[in-house]
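Pulled from Swiss-Prot:
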- Arg77, Arg102, Asp129, Pro130, Met131, Leu132, Ala133, Thr134, Gly135, Gly136, Ser137, Asp198: 5-phospho-alpha-D-ribose 1-diphosphate binding site (BINDING)
- Ile192, Gly197, Asp198, Ala199: uracil binding site (BINDING)
Amino acid sequence: MDIHVVDHPLAASRLTLMRDARSDNTAFRAALRDLGTMLVYEAARDLPVEHFDCVTPVATAEGTRLQNPPIIVPIIRAGLGMIDPALSMIPDAQVGFIGMARDEETHEPVPYLEALPEDLSGRSVFVVDPMLATGGSLLHSLKLLADRGATDITAICMVSAQPGVDALANSGLPVRLVTAAIDPALNEDAYIVPGLGDAGDRLYGPRNIDL
């Protein structure tokens, strides 16, 4: 599996703001928006392009555009915060949705929503979720996408835990990972250590629905 850890001072500074327990919802959202933009920029580096004649006010130049923009698939809830950064970089991308919550007792993903094109063959797919912890939610999402014919999938995560990275690498699914950091471990509650807490709660406040 191809793993790209984005090593850049601006990415590191935004990730630090997200990790900082003193950052309130507003500061966390702003840092996530900036870091999300940087990660999508890196993830899109190898997307196929096409060239065309672009008429400038002075002459004609060679223009470049994406040949086939990817579909952006956030894993709800926390992944919703990454839609705007992704669309700011790729405004003509389509968006699908996968809803996944975590059972706080078993730490297993609980799916509750699936809104995806039926046929994803030949499409690039960017799955966006701020955190890759155990890998359970992401693996479930990847299987849904692969079942629809997706063979070019990029997972974009702000922070990844080594156990989740290992689970992804051993899955045999067609995925590459773009992340800002790989943290070493999970605690007994399956939170990333040192991590950044619960990204959904820090974006939107505590989840108030029981599974």
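The backbone N, Cα and C atoms fix where each Cβ goes, glycine too.
Projection of Swiss-Prot feature records onto the structure.
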{"residue": "Arg77", "record": "5-phospho-alpha-D-ribose 1-diphosphate binding site", "Cβ contacts under 8 Å, 6 or more apart": "Gly99, Ala101, Gly200, Leu203, Tyr204, Arg207"}
{"residue": "Asp129", "record": "5-phospho-alpha-D-ribose 1-diphosphate binding site", "Cβ contacts under 8 Å, 6 or more apart": "Pro74, Ile75, Ala78, Gly79, Met82, Ser137, Leu138, Ser141, Ala155, Ile156, Cys157"}
{"residue": "Met131", "record": "5-phospho-alpha-D-ribose 1-diphosphate binding site", "Cβ contacts under 8 Å, 6 or more apart": "Ala78, Cys157, Met158, Val159, Ser160, Ile192, Gly195, Leu196, Ala199"}
{"residue": "Ala133", "record": "5-phospho-alpha-D-ribose 1-diphosphate binding site", "Cβ contacts under 8 Å, 6 or more apart": "Ala161, Pro163, Gly164, Leu186, Ala190, Tyr191, Ile192, Gly195"}
{"residue": "Gly135", "record": "5-phospho-alpha-D-ribose 1-diphosphate binding site", "Cβ contacts under 8 Å, 6 or more apart": "Pro163, Gly164, Val165, Asp166, Ala167, Leu168, Ser171"}
{"residue": "Gly197", "record": "uracil binding site", "Cβ contacts under 8 Å, 6 or more apart": "Ala21, Tyr191"}
{"residue": "Asp198", "record": "uracil binding site", "Cβ contacts under 8 Å, 6 or more apart": "Tyr191"}
Number of other Cβ atoms within 10 Å of the Cβ of Ser137 (5-phospho-alpha-D-ribose 1-diphosphate binding site) across all protein chains: 25
Other C-beta atoms that fall within 10 angstroms of the C-beta of Ala199 (uracil binding site): 25
Neighbouring C-beta atoms (10 Å sphere around the C-beta of Ile192 (uracil binding site)): 25
Residues close to uracil site centre defined by Ile192, Gly197, Asp198, Ala199, Cβ within 8 Å: Ala78, Pro130, Met131, Val159, Tyr191, Gly195, Leu196, Gly200, Asp201, Arg202
